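Peer 1: Residues or ranges marked as transmembrane segment in TrEMBL: C:7-29, C:35-56, C:68-85, C:91-112, C:119-138, C:158-191. The domain 'Glycine transporter' annotation in TrEMBL covers C:11-84, C:97-170.
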Amino acid sequence: MTFSFSLVLVWLDLAGVFFFAVSGSLLAARKQFDIIGSLLLASVVSLGGGVIRDIIINAGPPVAFTNPAYLAPPLLATVLVYFLFSSVQRFTSLLVLFDAGGLALFCITGTLKALAAGMNPVAAVLLGVTTAVGGGLLRDITANEVPQLFDPKDIYALPAFAGAASTAILSLTGTFTAVSATAVTAVVFAFRVTAWRRHWHAPLAVRGWHRLGLGTAENGR
Amino acid sequence: MTFSFSLVLVWLDLAGVFFFAVSGSLLAARKQFDIIGSLLLASVVSLGGGVIRDIIINAGPPVAFTNPAYLAPPLLATVLVYFLFSSVQRFTSLLVLFDAGGLALFCITGTLKALAAGMNPVAAVLLGVTTAVGGGLLRDITANEVPQLFDPKDIYALPAFAGAASTAILSLTGTFTAVSATAVTAVVFAFRVTAWRRHWHAPLAVRGWHRLGLGTAENGR
Amino acid sequence: MTFSFSLVLVWLDLAGVFFFAVSGSLLAARKQFDIIGSLLLASVVSLGGGVIRDIIINAGPPVAFTNPAYLAPPLLATVLVYFLFSSVQRFTSLLVLFDAGGLALFCITGTLKALAAGMNPVAAVLLGVTTAVGGGLLRDITANEVPQLFDPKDIYALPAFAGAASTAILSLTGTFTAVSATAVTAVVFAFRVTAWRRHWHAPLAVRGWHRLGLGTAENGR
């Protein structure tokens, strides 16, 4: 990995951090948290997945703590949401779009970082998925909601898995380039957003069960 | 520790992973999560306790990420619950039985792994308990439920503590054998299942308080 | 850092552990958990923040697992709350006072430990705040409550940040003494308790929004 390539990786990672941070501040706004809660939730969702990844790789303190640049996106997101946001209607759409952007970037950067740290390909894909879904999972757990990850009327983890697996294959076959990376990002983003818009869903955990009671208190929401 | 002994340890650990994974998929089914959520919850509950233990021991990446064999039990559990499960009635009983099996095996393997990593006996017992109850705690937190661990009409952590402490004493006195290990497993399993069936419970957190309001919204359920 | 100074640091840290442990046992009592749940919640809140800090610093197993002295405060707190507590009325006040004591001590000891481990000042302040608010966050997540940290009618993280930043500045300028440390502790404690008593609050996450619906189901409580 050349120096310029790892610099691109840091910028992509910071972009993913920013997207997730905005989703955190938007959720804080929807839950009527204050501006400090907005900053905290933005930090948890944007830095949490990467911190978990770095703790698991176990090669020194997480980059979010050693590189202060990682603190800029949550601060920026909190300020932007505070000043620019005014309409209640578009919350969920915006939250999903920013979340999907973070997901698309993190499943790539997480997998590449794990491969660069010498993890085996299966573990690298797992860590890519963990990086991508971990922050959102922490966000929902912290805000005391049933994680979006488990919403049976939506598909969330599969796009991240597809992106992480593609990244690992491209990287191991030496075909991971700016073009293929952009393609993976676009496909994961489109997959995630379309799954949400069209209410794509996977089969329930038990074969043959009807989807009765979904959307009611029964499914834990 | 001879090679064959550590191989037995891996198999016992994988059996514990499988039991906990089934409990995760059963909870996912009861909460009407989809099959991806079933796989994720099975992975969290079956691998979470061991990942926390390995992160705390701090000797390289957690085994669940370095040994792909640990991914087989959650996959298997998800498929089994999907195809074999059909009745709604037996959910809770089955969940408790599989959970108790995982608890009984993990308090032993967790303690042995911590001792093998050079932790002191008190820390090893703590890590054994953490391994055994950590996955279930993560499962309930992730699924946004009050953890089973805190149910005042049940006893959950005590069997794990008894098993971990027995394992540490047997191991340090050189009397940890196939026979004594089987005995510990059986006692922990029986203790846990009987506590659940007979509604054994510990005293409340404050002396002299009556058990009024239990089972109502008051206790946070 | 001389030997006597680091010994003082351990005692301050243990005092913080004790304060947080009492807050955990009090919450367990209010939620009608049993005495084992009281011990577990006391352990999570009092040791959780430090365990997260030590995992992030990544210099060996967390001190809570290597030094058995750290297990004494949760045990003591559980026993004290069990025997001495009888009135339901004073729960919240007492919980906030003990929690504020832990917060005031942990933002100092957490920052000093991070600096001693060679983290940069920004990371040290972050880790001080993480140590101080992490245990309480884990306590509320574990007990399935919306974290106190996000209560928009209260200020929680700001006193911890002020204390951690002051500690870092005092330490780096060589003016961290028994007197200045006591002053920081007192100010953080007074800031936190006054913020709670007077219902000080920060602006909401979005500018110009009215504080309608606060205190209702809308804000997620």
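Cβ atoms are placed via backbone N, Cα and C, with glycine included.
Heads up, TrEMBL stuff is auto-annotated, nobody curated it.
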Peer 1: Within the same chain, where does the transmembrane segment (C:68-85) have neighbours whose Cβ lies under 8 angstroms from its own Cβ atoms, ignoring anything closer than 6 residues to its ends? I mean 6 or more beyond.
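Peer 2: Counting only partners 6 or more residues beyond its ends, the transmembrane segment (C:68-85) has Cβ contacts under 8 Å with 10, 14, 17-18, 21-22, 24-26, 28-29, 35, 38-39, 42-43, 46-47, 50.
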Peer 1: Should anything in the same chain at least six residues away from the transmembrane segment (C:35-56) have a Cβ under 8 Å from its Cβ atoms, list it; otherwise answer none.
Peer 2: 13, 16-25, 27-29, 62-65, 70-71, 73-75, 77-78, 81-82, 102, 106, 110, 113-114, 127, 130-136, 138-139, 142-143
Peer 1: Counting by DSSP, what is the helix, strand and coil composition of the domain 'Glycine transporter' (C:11-84)?
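Peer 2: Helix (H, G, I), strand (E, B), coil: 64 helix, 1 strand, 9 coil.
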Peer 1: With DSSP as the yardstick, break the domain 'Glycine transporter' (C:97-170) down into helix, strand and coil residue counts.
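Peer 2: So the domain 'Glycine transporter' (C:97-170) is made up of 59 helix, 0 strand, 15 coil.
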